[in-house]
């Protein structure tokens, strides 16, 4: 299964680079930084128990709605809301309270916003412009495979601190795909800087959980996880600009880090 929504830094194209390091002797899969949850959807069904967590309220609402059998309601919302600029900004300005409405709004915006970007203003409002894409696919939302895996998953809106404090057993496999070490630390819906990275590394080094992390390489991260870096690989990115032109290729190095 591919991710339900596009997510910056998603690992769909990199799974083959690290999936062989996923342990086969663990019964519980845990992902504290869910995002698009590419790894969860790829290997989650191999585990008896599954825990998916993120601090992004709308993302968690989407996963919970699907798990609770509300996919059809989201699909109906998509069918009844046009892919045009007027409708887009009406939906973007809407502030629903019911979690299924929150999930529907979020899914619509993820499918129709520019380049699937995730950007918020200082007040926490989503401020990505309309994408102007002629076609987009939302049929996947009613794919029963998503319901089947999510209905058997504990879905949490919790920080990584909570996850490590709550789950601490050698039978747990924790996949970590945290925000990268970057000068950009405020994501609108959360902040994640060097202080958080240090805290995460302390959990990583002291927990009983078997942890596998994939993260962009920086001197800070290399120093933080010295002795735990198993391998590394090159990753190339190329973004499509608003003008339609393809941007310059960006080369990065990703580290595969594990504590077992």
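Note that Cβ sites are derived from N, Cα and C of the backbone, with glycine treated the same way.
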Same-site residue for S-adenosyl-L-methionine (record: Swiss-Prot; known: 7, 11, 177; options: 54, 140, 219): 54
S-adenosyl-L-methionine site shell beyond 7, 11, 54, 177, criterion: Cβ within 8 Å of Cβ centroid: 9, 10, 31, 33, 34, 35, 36, 37, 38, 39
S-adenosyl-L-methionine site span - longest C-alpha distance across 7, 11, 54, 177, in Å: 16
